[in-house]
Amino acid sequence: MNMPQSLGNQPLPPEPPSLGTPAEGPGTTSPPEHCWPVRPTLRNELDTFSVHFYIFFGPSVALPPERPAVFAMRLLPVLDSGGVLSLELQLNASSVRQENVTVFGCLTHEVPLSLGDAALTCSKESLAGFLLSVSATTRVARLRIPFPQTGTWFLALRSLCGVGPRFVRCRNATAEVRMRTFLSPCVDDCGPYGQCKLLRTHNYLYAACECKAGWRGWGCTDSADALTYGFQLLSTLLLCLSNLMFLPPVVLAIRSRYVLEAAVYTFTMFFSTFYHACDQPGIVVFCIMDYDVLQFCDFLGSLMSVWVTVIAMARLQPVVKQVLYLLGAMLLSMALQLDRHGLWNLLGPSLFALGILATAWTVRSVRRRHCYPPTWRRWLFYLCPGSLIAGSAILLYAFVETRDNYFYIHSIWHMLIAGSVGFLLPPRAKTDHRVPSGARARGCGYQLCINEQEELGLVGPGGATVSSICAS
């Protein structure tokens, strides 16, 4: 295949007799020469690695019995070497008049092979090509060459009669063959279990199939290690239904009057469910909108769930908390646009939020001179279990999850993150505006007097006696 191009201009020696030479029928004559005129083809470029080669007065070719037909196709350097060269031959059975005709095709690179009456091997000395054949029983033949060599490819077509392995030259049968030659990026667009992608390596551009669901091969047609339909359905249901674990945190947040946090959890549950329904590698796929939008919303919701939970645990002032919520949403959106699959997209916001939480709790503990949160039950039954669950989820996401175990490890990740939110979300803050009896409260330099009977509802509208407790 790497013979010098100068060989293409040298006259080919006459074909030596061999044991495979077919028997000559009555009235047949030996061909006068082994050099036949080469028919050019018209090149039509459609897209990257998408080229069609058309023959003049085609696409059907009439093959007379006395001589072959030779066609030339030129593949340009760099532009055509990264695709798949496809050749299809289809025999018109009505053109052979019920004679046992077989059409042989020999595809070679740079040097055409002169097909005589022995077109069975498509090889001569150190030159070998690709052999195709069509007949009344096999009317269609296909050949695909991934990443073909650039240069000129020659296709020689010859019709012979008889039954193999012995063929003779046909008498009056003119076979008609439909020829289709084209260059495509991938084999059959990689089928339903693959995706054709353009890749670049060291300034070399080429196309290849990225197979899914265990399928392999040039066109993702090898099902030896493919996932079954039941397994695909199971993985999809696990990834989608595991998001229902966010329902208890949503209900708990609404009961504790954390409405904004509940909205974030609902957003995460919704988009994570439909993102994983659209992200499946097999045929169990359901997309409600563009895949890129679903992926962005899923990642943003997951990070915002962690962010708002930790900020809510800090129990900051409402204005400060709202500013941090908005600032976190904008910064996380920017980080996801830079790199959606980076580990620091999860660890960075989590560590920063934990720093804010530690600072707020430390300041509150110093002011009160008591550990915050003050009750040991809060630490034992909520904070410690929630922290362990969240830490386990991050470890699974960072070090255990792979492409092979993705569907069940990521489902566990969904359940652990939702469970940790239910433990870590703080209880509703108690607000009691009643001033107890005997309490001392100061205004802006004034004494606050509280009428006990009026507070208890014992004084009528026209009551004249006032028993007040004034705190100085």
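Even glycines carry a Cβ here, placed using N, Cα and C.
Record features (TrEMBL):
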type	residues	note
DOMAIN	209-220	domain 'EGF-like'
REGION	1-36	region 'Disordered'
TRANSMEM	226-246	transmembrane segment
TRANSMEM	258-277	transmembrane segment
TRANSMEM	283-310	transmembrane segment
TRANSMEM	322-338	transmembrane segment
TRANSMEM	344-363	transmembrane segment
TRANSMEM	379-400	transmembrane segment
TRANSMEM	406-425	transmembrane segment
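In this chain, the transmembrane segment (226-246) lies close to the transmembrane segment (406-425): three or more C-beta pairs between them fall below 8 angstroms, excluding pairs fewer than 6 positions apart. Highlighted: of the candidate stretches 258-277, 283-310, 322-338, 379-400, 283-310 has the greatest count of Cβ pairs under 8 Å to the transmembrane segment (344-363). Non-local neighbours of the transmembrane segment (322-338) in the same chain are 260, 296, 299-300, 303-304, 307-308, 311, 316, 345, 348-349, 353, 356; each lies 6+ residues outside the stretch with a CB under 8 Å from one of its CB atoms. Away from its own ends, the transmembrane segment (283-310) comes close to residues 192-193, 213, 229, 232-233, 236, 260-261, 264-265, 267-269, 271-272, 274-277, 325, 328-329, 332-333, 336, 340, 345-346, 349-350, 353-354, 356-357, 417, 421, 424-425 of its chain (Cβ-Cβ under 8 Å, at least six residues beyond either end). Through the fold, the transmembrane segment (379-400) approaches residues 343, 346-347, 350, 373, 409-410, 412-413, 416-417, 419-424 of its own chain, all at least 6 residues removed from its boundaries and within a Cβ separation under 8 Å. The average per-residue pLDDT of the prediction over the domain 'EGF-like' (209-220) is 89, rounded to a whole number. Beyond its flanks by at least six residues, the transmembrane segment (406-425) meets 234-235, 238-239, 242-243, 245-246, 248-249, 252-253, 256, 258, 261, 265, 272, 276, 302, 305-306, 309-310, 312-313, 382-383, 385-387, 389-390, 392-393, 396-397, 400 of its own chain at Cβ-Cβ distances under 8 Å.
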